[in-house]
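As recorded in TrEMBL:
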COMPBIAS  32-42  compositional bias 'Pro residues'
COMPBIAS  43-54  compositional bias 'Low complexity'
REGION    1-70  region 'Disordered'
TRANSMEM  166-187  transmembrane segment
TRANSMEM  193-215  transmembrane segment
TRANSMEM  227-248  transmembrane segment
TRANSMEM  260-278  transmembrane segment
TRANSMEM  314-332  transmembrane segment
Amino acid sequence: MQRPQYANMPPAHSPPLHHPVPQHVSTVPQLRSPPPPQPPSQPQSGYGYAQQGGAPPGQPGAGGYNMPPAFGGFINDPTAQLGFQMGRSAVGAGQAYVEQNFGRFISVAALKHYFNVTNSYVANKLYIVLAPWWHRPWSRAQRMSSNPQDTYYLPPREDLNSPDMYIPMMALVTYIVLSTLLAGLRGAFHPELLGYTATTAISVMLLEILTIKAGTFVLNISSSSQLLDLVAYSGYKFVGVIVSLLLSSLCSHLNFGGSWISWGVFLYCFFANAFFLLRSLRYVLLPDESGQGVGGGAAGYTVARSQRRWRTQFLFIYSYPIQFAFMLWLSSV
């Protein structure tokens, strides 16, 4: 089948196509954001560099932008300054209230004396508490005041024989944590054990303080410095109890020695604590003729022979039977 023939045949070559060329060129403007508004001049910041027309030292320029003030200007705000003044006034009023009311029962200045310790004092004092057999001398150093007739004992950091309250307080906290830790290792830990152990330790301390208070009242020991010394000495037993608990638990874990090792360690710590108290408390309860009494302006007095005998008996009972009962109670927790 043939295709039909047309009269007008298409040209062999079609003319080239030309794209239209614009006669008038129009430019479109580029849209840009306006520059940020310039804030008012700021004062010098707390870091020491200017805030206008520059950047911090060591950094490139910020294009004329200003740096904000330190902490947003909060420190220089009048309201913040008023809050700071009110806070300082409240803290000062609280300290004055505590000193005024707490000072009725005990002197805050006298209490600070027992926390004036150093690292070397703590290390040497722990050695004396655990091994007091070779320590010499036991007398405390004294310092003359403005009045030649008054002498005062040196603080613990200057006298190794001076009692402190730092070691007893740290030993009390360590005993509470150690007792609960050992109970947890034995699988007997429960949440109430921590509170029970703390209550037991504090109860022992309060009962011993009441015993000391009764003894000092009967023996006519009325100086507050003497009472604070006795309270400080009552806390040294926790050092021996901690050592006894640690060594007994270690020997039990290693299956070494059995119960006689535990009793041996406990008895050594007990006799060391009793000997330490017997030597240390002698200057408090048994002042001699040369004036080795208590400080705070009371050194230099002596006691009658009959009262001296009663004080010797009280010192022995406090150092041995009472300490044995309390240390055994604490070790059995």
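Quick reminder: no glycine exception, Cβ is built from N, Cα and C everywhere.
Ranking 193-215, 227-248, 260-278, 314-332 by CB pairs under 8 A with the transmembrane segment (166-187) puts 227-248 at the top. Here the transmembrane segment (193-215) does not touch the transmembrane segment (260-278). Their Cβ atoms form fewer than 3 pairs under 8 Å, with each pair 6 or more residues apart.
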